[in-house]
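Visitor: Below are the features listed in Swiss-Prot for this protein:
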- Asp246: active site, proton donor (ACT_SITE)
- Cys54, Gly55, Ala56, Gln205, Asn256, Gln257: substrate binding site (BINDING)
- Ser166: site 'Transition state stabilizer' (SITE)
Amino acid sequence: MRDRLLAAEKVRAIEWRDSTLYLLDQRALPFEESWIAYDSAAGVAEAIRSMVVCGAPAIGISAAYGLVLAACGRSVAGGDWFAALEEDFTLLVDAAPAAVNLSWALNRMRERLERVREHADPLAALEAEALAIHESDREANLTMAQLGVDLIRRHQGNPQALLTHSNTGALATGGFGTALGVIRAAWLEGMVERVYADETRPWLQGSRLTAWELASEGIPVTVNVDAAAAHIMKTKGVTWVVVGADRITANGDVANQIGTYQLAVNAMHHGVRFMVVAPSSSIDMSLASGDDIPLAERAGEELLEIAGKRLGEGVEGFNPLFDVTPADLIDAIVTEKGVVERPDTAKMAQLMCRKRLH
């Protein structure tokens with residue numbers, strides 16, 4: 001499976017070359033493939049804020065490279081550049097304060113920095129750590145893809161319809177994707193008849209990004225309006241909903257792109273299994289449940305303009321980025337450490353004690 005996935009790889013969204021970070025601008029897709037070069041932490045932070053790069057793992061990887069860029073700039077300026085990097089840590093964290101992968105990646109970089117203060121070449125050591133974070137995510141994607149396929153096969157090995165939400169593919173990670181990585185692997189194993197991709201309003205990550213990724217690999221994909229998901233589950237033979245996660249709490253609650261919660265409710269009603277695929281870096285054991293997750297919102301004004309005209313006075317917009325799916329609606333959480341079925345606090349704690357499977 002690993003070799004087949006590697007051979008099928010067509011999309012990469014993050015590249016590090018000659019001490020420069022290159023990001024595929026997701027805002028321009030699918031109409032234009034445009035790469036933007038970054039040489040500062042401030043630029044990377046803005047890329048995260050403005051959604052040039054999306055997806056929890058991809059944000060964390062980009063932030064790690066952003067810190068390398070900051071270190072390079074600080075070292076040239078001279079003085080105690082180690083201490084000065086604290087400003088860059090804060091700048092990058094503030095770009096997406098709710099993204100646990102970002103804080104995880106930066107904390108790992110901070111720990112590495114503490115160990116290399118007396119290193120002959122601390123900048124090279126920091127760069128190596130960022131590259132390791134990137135490669136580790138890629139390897140985790142491969143492991144999760146295999147585990148997810150095994151889970152699907154255990155219930156049904158025949159070609160079947162799957163439904164997904166937002167974008168969880170190569171654009172959102174350092175490799176093949178989390179949920180979309182599982183779907184890719186299932187396609188290679190002959191277990192996918194068609195993928196239904198929620199358009200995922202208001203940023204349309206499903207129709208702009210997921211459909212583009214799947215179509216580029218010849219995987220049959222149908223884009224549907226978000227509100228049609230329940231109807232599709234009822235009439236199109238969907239067997240699994242496969243989604244990613246921005247944050248998972250100690251009890252197995254999952255924060256993800258807005259609309260995920262209603263998918264889980266509808267899946268349970270229709271007897272459709274619900275799988276969450278995310279690296280263990282998305283798990284925040286410091287939060288007891290989803291009630292503790294700060295859920296970001298974008299400006300409600302974004303919803304109040306149609307064809308360049310604002311809706312009538314007295315109308316307000318509610319524009320949440322995320323919602324929380326309770327653990328009791330989830331059939332399985334797939335990570336690179338293993339699979340947790342019917343997650344709860346005890347099972348999540350046991351999972352986090354395991355070593356990575358790759």
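Counting begins at 1 with the first residue displayed.
Placed from the backbone N, Cα and C atoms, the Cβ positions cover glycine too.
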Visitor: How big is the Cα-to-Cα gap, in Å, between Asp246 (active site, proton donor) and Asn256 (substrate binding site)?
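Guide: It is 5 Å, counting Cα to Cα.
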Visitor: Measure from the CA atom of Ser166 (site 'Transition state stabilizer') to the CA atom of Gln205 (substrate binding site) and give the result in Å, rounded to a whole number.
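Guide: That separation, Cα to Cα, works out to 5 Å.
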Visitor: How big is the gap, in Å, between the Cα of Gln257 (substrate binding site) and that of Ser166 (site 'Transition state stabilizer'), rounded to a whole number?
Guide: 7
Visitor: Starting from the substrate site formed by Cys54, Gly55, Ala56, Gln205, Asn256, Gln257, give every other residue of that chain whose CB sits within 8 Å of the mean position of their CB atoms, in sequence order.
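Guide: Apart from the listed residues, the neighbours are Ser166, Asn167, Thr168, Ala172, Gly244, Asp246.
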Visitor: Would you give the longest CA-CA distance, in whole angstrom, between residues of Cys54, Gly55, Ala56, Gln205, Asn256, Gln257, the set recorded as binding substrate?
Guide: 14
Visitor: Give me the count of other Cβ atoms within 10 A of the Cβ belonging to Gln205 (substrate binding site).
Guide: 27
Visitor: Taking every protein chain in this structure into account, which of the binding-site residues Cys54, Ala56 has the most other Cβ atoms within 10 Å of its Cβ?
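Guide: When each Cβ's neighbours within 10 Å are tallied, Ala56 leads.
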Visitor: If H, G and I count as helix, E and B as strand, and all else as coil, what does DSSP give for Gln257 (substrate binding site)?
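Guide: Going by the DSSP assignment, Gln257 (substrate binding site) falls within a strand, counted as strand.
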